[in-house]
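Sharing the feature lines straight out of TrEMBL:
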DOMAIN    1-126  domain 'Nudix hydrolase'
BINDING   Arg23, His28, Glu34, Phe35, Pro36, Gly37, Asn119  8-oxo-dGTP binding site
BINDING   Gly37, Glu57  Mg(2+) binding site
Amino acid sequence: MKRQHIAIGLVANSEGKYLISLRQGEQHLAGKWEFPGGKVEAGESELEALKRELDEEVGLEVKTAELIETKAFDFPDLQLQLSFYRVTEYLGQAEAKEGQPLRWASVDELKALPFPKANDSVIAVL
């Protein structure tokens, strides 16, 4: 099984709350919250993928971001390479461009909400 490479954005607002969305319906891990991001396409850098995905999913233009963690995570049916970026500068207002519920959550709220296990170590250091 080929490992999917995923670029993920940790986007905080001026209140220190992080942008998250709820996985829907038929999606893998439906009902769990996640940080915005998506697959790195062939010929694309992680940063290019992050910028494209955040524009497509939530309407934000990423200006600068720094890598804070990369990790492999395996599910029984899926192998992932996750790269978490702290988005340090962005333009725009977050909007649910794919119909997914969005919200801003404090670090304490993040720790209480259901997230995929692969996010635990990142949430712990926010």
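First residue shown is number 1, and so on along the chain.
The backbone N, Cα and C atoms fix where each Cβ goes, glycine too.
Keep in mind that TrEMBL annotations are predicted by a computer and have not been checked by a curator.
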What subset of the binding-site residues Arg23, His28, Glu34, Phe35, Gly37 lies within 10 angstroms of Glu57 (Mg(2+) binding site), using C-alpha positions?
Gly37
Within its own chain, what residues at least 6 apart in sequence put their Cβ under 8 Å from the Cβ of His28 (8-oxo-dGTP binding site), listed in sequence order?
Phe75, Asp77, Leu78
Under 8 Å Cβ-Cβ from Arg23 (8-oxo-dGTP binding site), six or more apart in the same chain: what's there?
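Within the chain, Arg23 (8-oxo-dGTP binding site) has Cβ neighbours under 8 Å at Leu29, Ala30, Gly31, Lys32, Trp33, Glu34, Gln100.
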If you skip the near sequence neighbours and keep only those at least six away, which residues in the chain come within under 8 angstroms of Gly37 (8-oxo-dGTP binding site), Cβ to Cβ?
Ile6, Ala7, Ile8, Gly9, Ala49, Leu50, Glu53, Leu54, Glu57
Taking the Cβ of Asn119 (8-oxo-dGTP binding site) as reference, which residues of that chain separated by at least 6 in sequence fall under 8 Å from it?
Glu34, Phe35
Go ahead and report the DSSP secondary structure tallies for the domain 'Nudix hydrolase' (1-126): helix first, then strand, then coil.
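Residue counts for the domain 'Nudix hydrolase' (1-126) by secondary structure: 27 helix, 52 strand, 47 coil.
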Can you name every residue in this chain, apart from Arg23, His28, Glu34, Phe35, Pro36, Gly37, Asn119, with its Cβ inside 8 Å of the center of the Cβ atoms of the recorded 8-oxo-dGTP site?
Ile8, Ile20, Ser21, Lys32, Trp33, Phe115, Pro116
Across all chains shown, how many C-beta atoms besides its own are within 10 angstroms of the C-beta of Pro36 (8-oxo-dGTP binding site)?
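Around the Cβ of Pro36 (8-oxo-dGTP binding site), 25 other Cβ atoms lie within 10 Å.
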Check the binding-site residues Glu34, Glu57 for other C-beta atoms within 10 angstroms of each C-beta and report the one with the most.
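Going through Glu34, Glu57 one by one, the largest Cβ count within 10 Å is at Glu57.
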Provide the number of Cβ atoms within 10 Å of the Cβ of Phe35 (8-oxo-dGTP binding site), excluding the reference atom itself.
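Excluding its own Cβ, Phe35 (8-oxo-dGTP binding site) sees 22 Cβ atoms within 10 Å.
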Please give the maximum pairwise Cα distance, in Å and rounded to a whole number, for the 8-oxo-dGTP-binding set Arg23, His28, Glu34, Phe35, Pro36, Gly37, Asn119.
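Binding-site diameter by Cα atoms for 8-oxo-dGTP: 15 Å.
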